[in-house]
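Q: My questions will all concern the structure given below.
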Amino acid sequence: MGAIISCVATTATWCFCSALMSLFGACCGNDKPSSVAPGAFSGRKRSVFLLVFVVALSFAFQYGVSQVMVNLSPGVNYVTEAWWGGCEELETERLQQRCIGNNGVYRVGFSAAVFFLLATVAVCVNRTANRVAWPAKYVLFVFLAVGMCFVPNEPIFSPIYLNIARVGAVVFVIIQQVIFVDLAHNWNDGWILNSDKAEAEESGSGKKWLGAILFSAAFLFICSIVGWVLLFHFYGGCQLNTIFIAVTVVLCILITMAQLSGEEGSLLASGIITAYATSLCYTAVARNPEAQCNPFLGDEDILGVVIGVTITLISLAYTGWSYTADSTLGKSNNEDQQAAEEEAAAASKEGGRPKIGGIVTNEENGDGDDEVRDDIDAAADIPDTFSNNWKLNVVLGTVSCWFSMAITAWGSIEDEGDAANPQVGKVSMWIIIASQWLCLTLYLWTLVAPRLLPDRDFS
């Protein structure tokens, strides 16, 4: 009887362990044979998912671990002494907790920045080996985050990483505005393309897509106008906020008029940018630390947190999942494909086997199974044109800097923010409103540049 039970338990253990390892391998990107090339977005998705985990870990360090550390004396052990570095001279316990929490965020952000820096270097490895290494990458990040807990605050985290993160955060703010302008244009172009395809298949069916464009644009403009009225009503108590709101209204009207007066833009794209600018204006005035300017100062700004997280996730998702984001980050897929074709043609003339570039597909061709086997043999030599995208790792590295600054109010220890609204402060307010002006200026330039420089190609 005991032998039977042992046999059943051993079999069940083997089954559960096999299923668990298969699930872990799928999550880590190691669910395919090494001879099969990964998908176009496999590495991007896992990088973005890792970054989401990093943000959650930063909040845990800021508002969880810091509360534990502040109740311990600095000299209890080496870890507490490392975390308390530079925070002992602060007067109140609240400021000390905020200082310790900021240092915790810097540790996670620094680990993430180093991770994506190493990932940028790792793109020289072929795509298959890069995918197989994903479990090791996760383990590497865990070791980095744990190891940083034993490193003193000074000088690595403050002031070295703090100053580097400020620069990196500004870079991401600029990239984010470029991404949203590109997103607005491609959203409209995609729906127009769907309308043309539907019209070609069945006459009159394309009007549904055009109607969706008009409805979405009207909805976004109506929401923006309502938002302007509410902003003037609730946040118009001081001159600075009134200027921010008025400039937002004027610029949004200006870009809409520029779009309507020419053929360069689109109504849906203008609606998206207008709604985005309105949300940034709200986020900026809600970060004003002056009580007369911000009647909801001290309250839980759930709407602001939701807007900020949503905008960041949209930027990351668009960067990680969209082909069109490649052209935003650098060289486009068409250029990559053209370069690969030229390389293959040159190799054919020399009589050698051409290297395969671009996306590997399973489509049949006239050369039969021999060419399919050649495709598999050459998978390890595929250039890093889309999977090993070093530009994405650089962007994610700047995101690591950005959330380190966003959660810690750009490194300020002032008693302004809290867990409900950590970004309250003048620095955050000016960064957000400046990013709004940059976004509106970039979109306006995409509308007027073809008119000012007609001899240049802006397509």
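In case you wondered, yes, glycine gets a Cβ from its N, Cα and C as well.
Curation does not apply to TrEMBL; its annotations are automatic.
According to TrEMBL, the protein carries these features:
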TRANSMEM  48-65  transmembrane segment
TRANSMEM  104-126  transmembrane segment
TRANSMEM  138-161  transmembrane segment
TRANSMEM  167-188  transmembrane segment
TRANSMEM  209-234  transmembrane segment
TRANSMEM  240-260  transmembrane segment
TRANSMEM  267-286  transmembrane segment
TRANSMEM  302-321  transmembrane segment
REGION    331-373  region 'Disordered'
COMPBIAS  364-373  compositional bias 'Acidic residues'
TRANSMEM  392-410  transmembrane segment
TRANSMEM  430-453  transmembrane segment
Q: Using a Cβ distance cut-off of under 8 Å, indicate which of 48-65, 104-126, 209-234, 240-260, 267-286 has the most pairs with the transmembrane segment (167-188).
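A: Maximum Cβ contact count belongs to 267-286.
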Q: Determine which residues of the chain contact the transmembrane segment (267-286) at the Cβ level, with the cut-off under 8 Å and only residues 6 or more beyond its ends counted.
A: 180-181, 183-185, 187-188, 191, 213-214, 216-221, 223-224, 227-228, 231, 235, 241, 244-245, 248, 251-252, 255-256, 259-260, 293-294, 296, 301, 303-304, 307-308, 311, 421, 424, 429-430, 432-433, 435-436, 439-440, 443
Q: Take the C-beta pairs under 8 A between the transmembrane segment (392-410) and each of 48-65, 138-161, 209-234. Which stretch has the highest count?
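A: Top-ranked stretch among 48-65, 138-161, 209-234: 48-65.
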Q: Any chance you could find the range in 48-65, 138-161, 209-234 with the most Cβ pairs under 8 Å to the transmembrane segment (104-126)?
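A: Of the candidates 48-65, 138-161, 209-234, 138-161 scores highest.
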Q: Under 8 Å between C-beta atoms and at least six residues away from its ends: which parts of the chain pack against the transmembrane segment (48-65)?
A: 100-102, 104-105, 107-109, 111-112, 115, 138, 141, 145, 313, 316-317, 319-320, 396, 399-400, 403-404, 407-408, 419, 422
Q: Taking a Cβ cut-off under 8 Å, which residues six or more beyond the ends of the transmembrane segment (138-161) line up next to it in the same chain?
A: 28, 50, 54, 57, 78-79, 81-83, 85-87, 103, 106-115, 118, 404, 411
